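Annotated features, as they stand in TrEMBL:
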type	residues	note
COMPBIAS	A:177-187	compositional bias 'Basic residues'
DOMAIN	A:99-120	domain 'C2H2-type'
DOMAIN	A:137-160	domain 'C2H2-type'
REGION	A:177-196	region 'Disordered'
REGION	A:237-258	region 'Disordered'
Amino acid sequence: MAMLVDTDTKTELGFPYWKPIRRLFGPESPFFSSGNIERELLAKQVALDLSEEEKHTLQNLVDEGGSREVFCPIVGCGAHLISLEHFEDHYNGRHTASCSVCSRVYPTSLLLSIHVSEAHDSFFKAKVARGYAMYECLVEGCGLKFKNYKGRQQHLVDKHKFPSSFEFFKKAHLSKKARQKQQRKQSIHISEETSSKMDIEGETIDGLVSAVSKLSTSDASPPSSISFGRRNTRGLAFVPRAVQREKKADSVPTGAKQ
Amino acid sequence: MAEGGLTSHRRDPIKSSVGNVAAHRRRQNAVEVGKERRESLVRAKRLCRVSSSCDDSDVCIENDMIIDEEQSILEAQTSSAVEELKSAVSFQGKGAMQKLVGALREMRRLLSKSEFPPVEAAIKAGAIPLLVQCLSFGSPDEQLLEAAWCLTNIAAGKPEETKALLPALPLLIAHLGEKSSSPVAEQCAWALGNVAGEGEELRSVLLCQGALPPLARMMLPNKGSTVRTAAWALSNLIKGPDHKAATELIRVDGVVDAILRHLRKADEELATEVAWVVVYLSALSNVATSMLVKSDAIQLLVQRLASSNSLQLLIPVLRSLGNVIAGDSHTIVAVLLPGCEITDNVIEVLVKCLKSEHRVLKKEAAWVLSNIAAGSVEHKQLIYSSEAAPILLRLLSTAPFDIRKEVAYVLGNLCVAPTEGDGKPNLISEHLVSLVGRGCLPGFIDLVRSADTEAARLGLQFMELVLRGMPNGEGPKLVEREDGIEAMERFQFHENEDLRNMANGLVDRYFGEDYGLDE
């Protein structure tokens with residue numbers, strides 16, 4: 001008999017929309033294991049003189065059903081978790097290192113520190129401008145460094161088999177309050193014309209560079225990793241309106257807006 | 001009559017030879033539920049501790065763990081009992097019959113005493129060939145009964161112990177015949193049920209040897225412990241994964257009628273075992289499912305769900321209903337029509353299960369509802385406007401994970417119209433707006449955050465519905481308010497490429513550079 005039928009629709013946009021389908025499970029499917037265990041326990045319980053403790057342990061057997069063990073799905077972690085319920089704690093404890101400057105969240109301290117250097121460190125930018133190889137490989141233990149973002153990206157794809165759709169520098173989405181706060185901060189900085197502006201613009205330029213360079217790599221990547229909306233204007237996200245108007249005049253090619 | 005394992009009340013009092021103090025001491029000696037015990041509890045085989053016709057008045061049930069010294073004594077006794085049996089089998093003189101029955105009875109007592117009978121010792125000492133000899137045709141009933149009882153308990157153990165029964169199978173099957181006395185047939189059915197419960201290989205041997213037709217016939221009478229044991233044995237025999245046995249069973253003359261009769265009238269214990277037969281029939285055999293759907297089986301299942309409070313009965317009945325709805329499109333399309341009384345009744349009993357305190361019932365009821373919600377727009381309206389909706393919303397926030405996942409399927413299915421072809425499925429705005437308004441979004445976003453791939457996928461798919469379908473562009477704001485963006489951004493560093501692409505796609509599309517600029 002037909003088992004689980006998966007008929008997700010993927011249109012040219014690549015998103016598998018919700019499609020209501022009937023789901024049938026085989027009798028020995030893990031879906032039914034709680035019920036099967038309960039059947040046997042109930043049938044045999046009468047012949048046994050179970051203590052409260054034993055009943056409790058057996059109830060856990062039922063509740064666990066099949067195996068509820070889970071491995072953390074964050075890249076490079078693989079931590080073994082006793083149950084799904086434990087995952088949230090694990091995630092909050094291990095994968096929420098956040099940047100104090102821009103509030104982006106990273107799953108490891110290595111990635112966080114790489115981010116801080118590349119996005120907020122003017123010293124870093126200076127060395128890059130002078131041609132030093134400063135962009136570090138993201139894989140723990142590799143340690144190779146590259147002169148630009150694109151070079152590192154290529155290394156990740158070639159050497160470490162990262163998908164070309166993987167983006168290290170990706171804009172984070174601040175809450176509305178934080179966005180407004182940041183926009184205010186940015187306009188103050190621009191009007192005062194302090195050097196802190198370099199921070200934001202530096203970010204923006206990097207983003208622009210990565211976005212433009214990504215144009216060429218994304219053409220070469222296999223269709224499965226191109227989803228809709230791989231927009232290359234992403235780097236401009238946090239540009240304050242004043243700066244953005246200028247940038248738009250520079251006619252950066254935009255992806256199709258939808 | 002009282003039978004170990006299959007009944008929920010005993011007729012004979014349990015005589016404990018040493019009393020409560022000893023029982024307590026034994027319990028203390030085995031503090032945890034050991035692995036072996038857990039496995040033995042959970043497997044589909046059942047020990048026979050007290051038989052239906054045995055009037056052995058000093059049968060004594062000691063339920064708790066046997067301490068190590070006791071175990072080795074038991075094993076020694078077993079070996080000598082096998083020796084006794086050997087000499088009784090070859091004895092030709094006066095009173096040979098009595099001697100043989102006596103030896104068998106002693107063997108049987110040793111094998112019924114504890115939760116862990118000395119099966120290995122018995123096999124090692126050579127019990128099986130002797131027991132097979134005791135099953136020869138023409139032997140007195142008492143002899144057949146005791147021998148089959150011994151074999152039953154040997155088969156209730158570990159896989160290799162069950163497999164040791166291979167030489168006995170043809171004879172056990174033969175004694176299922178209509179000429180056999182009822183207790184003998186029943187005991188043989190019990191032994192065969194244990195063998196079938198072991199696994200696919202042994203099931204296939206039993207089917208080849210023709211075990212199915214006689215067992216099926218034993219299920220036809222109206223009542224009696226034999227009917228119940230036969231039904232249980234059949235449920236083990238047809239459980240697959242091959243569907244042939246299930247299809248063969250439903251085609252035996254009188255079986256469909258008997259099943260319906262038992263579902264309608266039998267006491268809860270018999271109905272329970274028959275319902276498990278229906279579970280396997282409906283899960284594995286298209287032929288069986290369509291026969292059941294065309295009869296009044298659904299009605300009968302609904303009646304049981306409405307009237308019973310026994311978890312043992314409710315589980316297989318609910319699951320049978322679920323299988324019949326999931327397996328055959330005819331059910332939703334032609335039988336459970338919106339507006340018909342039967343359909344209202346189905347929803348009503350499913351709601352009753354959702355309200356139950358039992359986890360299994362809640363989860364499987366939600367599964368059944370999700371399949372009905374995958375039907376026509378009218379089906380969705382029916383569920384949406386029923387008592388189910390508020391209960392589902394509450395379960396989405398408060399229930400354990402596996403229940404929340406099934407509930408998510410129901411709610412999502414309510415919001416999407418049946419699809420034709422490959423296009424983007426249409427939303428049912430009224431349901432989406434209302435359910436989101438009643439607070440279902442956080443529950444879905446919680447699923448997005450879970451480590452379970454299927455759940456995360458469901459959550460993202462529902463978020464897409466919200467982002468696309470909420471009027472006045474409210475979708476993105478709502479999602480943001482519930483920390484949906486943060487949840488989606490987690491996938492940036494997630495192993496699963498599909499989920500990464502889904503999440504990235506949504507973020508790019510709905511939270512692009514223009515987002516939040518015109519506030």
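Backbone N, Cα and C define each Cβ position, glycine as well.
According to DSSP, the secondary structure content of the domain 'C2H2-type' (A:99-120) in residues is 12 helix, 2 strand, 8 coil.
The DSSP breakdown of the domain 'C2H2-type' (A:137-160), given as helix, strand and coil counts, is 12 helix, 2 strand, 10 coil. Predicted-model confidence for the domain 'C2H2-type' (A:99-120) is 85, expressed as mean pLDDT.
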